[in-house]
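Q: Please read through the structure below; I'll follow up with questions.
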Amino acid sequence: MVKTQTKEKGAWWTLYNRWVIKLLKEIHNQQTILRKIDWRLLPIMFITYNFNFIDKSILSSAAVFGLENDTHLVGQQYSWVSSIFYFGYLGWTYPTTIFIQKLPVGRYVSINTIIWGIIVACTALCTNFGSLLTVRFLLGVAEATITPSFVYITSMWYTREEIPFRTGTWFAGNSFGGFMASLLAYVIGRIESSISLWRWLFIIFGFTTMSWGILLLFILPSTVESSRFLNEEEKKHVLDSVARSGTGKTTRSTSAWKFEQVIECLIDPKTWFFFGISICTQIPNSGTQNFANLVLQGLGFTSLQTTLVGIPSSFIAFFTILITGWLAGKYHEISCYLIALVVVAPVAGSALIYSTKASNGVKLFAYYLLATGPGALPLAMSLMTNNYKGVTKKMTVTAFLFLAYCTGNIAGPQTFKTLEAPIYPTAFRAIMICYTLVVVEALGLRIYLSWMNKKLRMRLADSGPPVPVMNTDGMNEDMTDWQSYDMVYWL
């Protein structure tokens, strides 16, 4: 009897060990595949986002290197040159979300990158207000593809838990791009040439971006299935993971555009919370982005010094985005709090700058406080990606997020009145109000999402989960988050 029990115990122990070993192998394989994806995709998106930010923000450096004088800009014309970029962006935001679904996204991103590099280089040929408006508008059209494409690519390759940190990582390319733009602008600013220094900025960055776009044609995959760095078993693992998570495109049929999902998106209250957060974060963003060097020049720095003084802001924004993205991925219930938290310092900073009694040293410190503000948008983007299901619904809310993004960025430069230079009190009053509204909107979104989760739990307690709808391939149909039986909203 004892021997029998011993044998049974030994058999169970053997089975248990085998199960543990199998589980550990699966975890190891998952981590190995995730690392392979990270090392391929994240550097590509990070570098592309570097160029995305540099090429639209070097206008600020160009402004202190003689662009306004050489192109005969007067009054609010520089503000309109800043804003017109986002009219192009706005006009192409919704059409591009449809093309992202219909076309090979890797090729689409690559070709747009080449085009925008050419447009940046052509900016060096501008001689007046009209030509600047034209190239900046076209640049907005070309760059409008990048961020929605990256949101789509991230949801295609990663699960809900993995998305926040990855979104934060490639979005941090924005801030690192600010550092690179400032450093390279300082180097270019020391060039002695008969060609104006601001023209050299656009020539060098334009041709560099164009070259990177050509390289993207060969290294950025359009789908999991078409990737060359994963084997067939690894591809199947990725597709199964994102299908279970409800993030990626599960079948070819889900690429069909569904009008009913557009309507659902429009009547979904959380869509309008995200819309509000986006517009209120971007009014401050565009203004400080395009007028940063002019503001710093007003604090007593030379044209060349402004390129270096702005570098700490880029580092603060970079680490804010990375750290908050990591926290949002690790803790599923703090994203709304993090959005509110990162805009508190900019509220204080804008209030200090708005105060005419503060010294220039205090105002420079306050200017650095503004640098945490850009961390709000990537948090909102990853929260949005995790809280929407249905390919069309997700792409529609992405379009709405960037419609708000464009509207805010159009309005932002207009708050910087030329007659109020170098203090710009109207602008910093607007920044203070907008970031305060973001706090209210983020906390309101959290209350709504908590209510939705509670409502779902009550429904499940009453009737239990419904049977999930399957298609002929045995995969979940392209259901929205409202239709999904197992949706739990991240907070």
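Cβ from N, Cα, C; glycine included.
Not measured: the values here are computed from a predicted model.
OK, TrEMBL features for this one:
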{"type": "DOMAIN", "residues": "41-456", "note": "domain 'Major facilitator superfamily (MFS) profile'"}
{"type": "TRANSMEM", "residues": "84-103", "note": "transmembrane segment"}
{"type": "TRANSMEM", "residues": "109-130", "note": "transmembrane segment"}
{"type": "TRANSMEM", "residues": "137-158", "note": "transmembrane segment"}
{"type": "TRANSMEM", "residues": "170-188", "note": "transmembrane segment"}
{"type": "TRANSMEM", "residues": "200-220", "note": "transmembrane segment"}
{"type": "TRANSMEM", "residues": "308-327", "note": "transmembrane segment"}
{"type": "TRANSMEM", "residues": "334-353", "note": "transmembrane segment"}
{"type": "TRANSMEM", "residues": "365-385", "note": "transmembrane segment"}
{"type": "TRANSMEM", "residues": "397-416", "note": "transmembrane segment"}
{"type": "TRANSMEM", "residues": "428-449", "note": "transmembrane segment"}
Q: Return yes if the transmembrane segment (428-449) and the transmembrane segment (84-103) have at least 3 CB pairs under 8 Å (sequence gap of 6 or more), otherwise no.
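A: Counting Cβ pairs under 8 Å (6 or more apart in sequence), the transmembrane segment (428-449) does not reach the transmembrane segment (84-103), since there are fewer than 3.
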Q: With an 8 Å cut-off on Cβ pairs and a sequence gap of 6 or more, do the transmembrane segment (200-220) and the transmembrane segment (308-327) reach 3 or more such pairs?
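A: By the criterion, they do not touch.
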Q: Are there residues at least six beyond either end of the transmembrane segment (84-103) with Cβ under 8 Å to its Cβ atoms? List them, or say none.
A: 56, 133, 136-145, 148-149, 152, 255, 257, 286, 391-392, 395-396, 398-399, 402-403, 405-407, 409-410
Q: Of the listed stretches (137-158, 308-327, 397-416), which one yields the highest count of Cβ-Cβ distances below 8 Å with the transmembrane segment (170-188)?
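A: Going through each listed stretch, the top one turns out to be 308-327.
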Q: If you average the pLDDT over the domain 'Major facilitator superfamily (MFS) profile' (41-456), what number do you get?
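A: Its mean pLDDT is 86.
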